[in-house]
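Here's what TrEMBL has on this protein:
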{"type": "DOMAIN", "residues": "18-63", "note": "domain 'Retrotransposon Copia-like N-terminal'"}
Amino acid sequence: MVDASPIQIDQHDPLFIHHVYHPSQSPVSTPLNSDNFGSWRSVAIALESKNKMGFADGSILKPTNPTKLSLWKRNDSIIRSWLLNPVNKDIATSVIYSSTAAILWEDLNSWYRQKNRPQVF
């Protein structure tokens, strides 16, 4: 039998999900596209301010404890939504199937870096 009592997570723990965190939120107000990659830094700042950057950079590892794993999955899903929401729809369709926030973060950074390389004429 699984213990159904709620787990208490400290608000400073990256697994903590504040009641105002919602998947439809966007960490930036301007839609991101291949022309404004510099704005992508504001997404990292927003994630850092919410103690969630570790999900994007992969430093918060997937736990093996079933209760913490459930919280990790919920957080990871929220972060993936936050990363996809401000992205141009053409870009989003190419990265939407990334299986974790860390993979999505790397895919988006690779996509933007590729599109923002200096061009030689």
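Backbone N, Cα and C define each Cβ position, glycine as well.
These figures come from a predicted structure and were not determined experimentally.
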Residue distribution over DSSP helix, strand and coil in the domain 'Retrotransposon Copia-like N-terminal' (18-63): 18 helix, 1 strand, 27 coil
Whole-number mean of pLDDT values that fall within the domain 'Retrotransposon Copia-like N-terminal' (18-63): 87
